[in-house]
Amino acid sequence: MLTDMEISRRAHLKDIAQLGAEFGLLPEEMQLFGNTKAKVDLQVQQRLAGQPKGKLIIVTAVTPTPHGEGKTVTTIGLTQSLKALGNKVCACIRQPSMGPVFGVKGGAAGGGYAQVVPMQELNLHLTGDIHAVSSAHNLGAAAIASRLYHEMRLGKAEFERQSGLSYLDIDPKGIRWHRVVDHNDRCLREIEVGLGENNGPAYTSGFDITAASELMAILALSRNLTDMRVRIGKLVLALNRQGEAVSADELGVAGAMTAIMADAVKPTLMQTLNGAPCLIHAGPFANIAHGNSSVIADDIALKLADFVVTEGGFGSDMGFEKFCNIKARQSGLIPSAAVLVTTLKALKANSGLASDTDINAPDQARLEAGFANLNWHINNVVQYGLPVVVAINRFASDTDAELNWLMEAVRGTAAFGCELSEAFSQGEDGAMALAQTVIRACEQPSEFRLLYPDNMELEAKLSTLAELGYGAAGINLSAVAKQQLQELSALGYAHLPVCMAKTPLSISHDPQLKGVPQGFIVPVRELVLNAGAGFITALVGNVMTMPGLGLTPGYLKIDIDVDGEIIGLG
């Protein structure tokens with residue numbers, strides 16, 4: 001079989017202007033980037049206001065493993081098959097961060113014959129949205145440092161006299177706004193800034209990866225440019241010496257940050273291998289932020305297509321949960337059905353059983369033990385009131401005996417249906433049965449529900465999410481978290497939803513607890529207000545906001561060939 005890159009290069013692409021017109025966009029609503037990409041102007045939202053919406057399908061997965069479950073492959077494959085069946089369909093996915101592209105995970109365009117193309121353009125830069133987020137974020141960091149420098153240099157009276165601005169009295173130890181870069185670089189996690197006689201004052205800071213920026217979450221959750229401006233103004237960048245929040249609006253930098261992101265608020269239109277439209281927009285990580293593509297892209301797609309297929313990051317305890325309790329809660333966009341991706345490899349890896357057997361080899365004992373993880377994720381999706389279709393992403397090494405056993409086992413669960421998917425090797429033909437079953441699932445009456453109401457106490461939200469969302473026995477708040485809980489409630493933020501920042505490698509907070517852990521207590525060490533994004537992040541366990549590169553990073557395989565073409569992506 002050809003490599004992902006070879007398949008992408010041999011694809012026969014429609015001119016993006018033609019594809020956009022067929023999708024329902026007007027010429028003036030597309031800002032073309034060559035023949036393969038186009039920004040979609042938000043004036044289309046005004047034109048389509050009041051249009052009936054299509055069916056929204058959310059793709060999720062079992063607990064992720066290093067072997068890859070194929071969630072994006074399934075998202076794109078399902079989209080291609082729905083199109084092949086004669087439906088008007090659109091995929092909505094996140095823009096890949098270059099950190100994972102050059103790290104371990106690789107690209108995020110799908111794979112095989114279920115790809116968004118050209119895949120190298122999607123995985124590297126696209127139309128520059130992540131760079132815009134980085135620049136806007138770092139302007140905020142520079143504005144804080146500059147304001148602190150001038151206030152301390154001049155003192156309150158002279159600063160206000162010379163600048164005409166209010167004295168903010170920023171506490172150097174209260175600056176919470178790091179800088180960002182779109183790479184994995186562990187040595188930047190903790191740094192000293194402001195060193196040198198005329199560069200201070202010095203204070204401890206650090207870098208996060210751009211996908212972890214609250215600006216990225218804001219981009220993904222905003223309804224339009226005006227909403228994004230309001231949200232950016234609410235960003236808490238620092239604390240003053242009285243412990244009060246200093247916002248981007250108070251610092252006077254929110255307008256400029258928004259201006260940098262004025263084009264980033266527009267989704268990018270590309271296409272799948274069989275010419276289905278795909279909107280790529282925003283890229284928040286699911287272990288740190290809410291892990292879903294943008295509300296704007298979904299809103300546009302739902303008014304132009306019969307079916308919209310999107311995905312949440314990692315397993316159903318991560319991106320799917322946050323899709324429901326954060327994205328759907330804020331946007332009002334309600335899914336009609338869910339697709340839960342699994343593989344034989346994933347279930348064996350999630351079995352918790354030690355084995356010398358190669359993960360590709362038949363191992364009925366590990367498969368049966370790992371099935372509990374799949375069943376847990378099925379029940380997790382069902383508790384949100386959605387019909388869930390299990391998609392078994394087939395690998396070449398899979399045996400018919402194990403696949404048949406798994407299909408039969410799923411029939412005894414709460415899943416609406418179960419189908420094999422061979423979209424990776426067969427493209428649109430490989431997910432036809434899956435598409436037909438998903439269509440039937442979307443015809444079921446909607447019973448979508450959230451896990452907790454807005455008016456629930458903040459501590460009760462944390463407990464509910466731990467117990468119902470992860471199967472924990474309860475939570476344990478650190479002394480710091482208890483104090484922050486009281487402060488957030490007193491300041492009137494208890495109505496916000498909770499975003500758990502935890503490992504994706506286990507349903508629990510501990511990556512070593514495989515399968516379906518029980519009886520564990522979730523340790524909440526810190527609560528962080530994300531006033532602009534509109535949620536409170538609970539830091540659980542040891543979650544890094546700046547990844548590091550591994551021993552053999554992905555960049556080792558990436559180069560340019562003699563024809564000037566990029567090689568090694570995928």
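Cβ atoms are placed via backbone N, Cα and C, with glycine included.
What Swiss-Prot says about this protein:
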BINDING   Thr65, Pro66, His67, Gly68, Glu69, Gly70, Lys71, Thr72  ATP binding site
Under DSSP, is Gly68 (ATP binding site) helix, strand or coil?
-> coil
Measure the Cβ-based neighbour count of Gly68 (ATP binding site), defined as the other Cβ atoms within 10 Å of its Cβ.
-> 18
Write out the long-range same-chain contacts of Thr72 (ATP binding site), meaning residues 6 or more apart in sequence whose Cβ is under 8 Å from its Cβ.
-> Ile93, Ala108, Ala109, Gly110, Gly111, Glu311
Cβ-Cβ distance under 8 Å to Thr65 (ATP binding site), same chain, at least six residues away = Lys345, Ala346, Ala349, Asn350
Tally every other Cβ atom lying within 10 Å of the Cβ atom of Glu69 (ATP binding site).
-> 24
Among Pro66, Gly70, all listed as binding-site residues, which has the most CB atoms within 10 Å of its CB?
-> Gly70
Across His67, Lys71, listed as binding-site residues, the smallest other-CB tally within 10 A is for His67
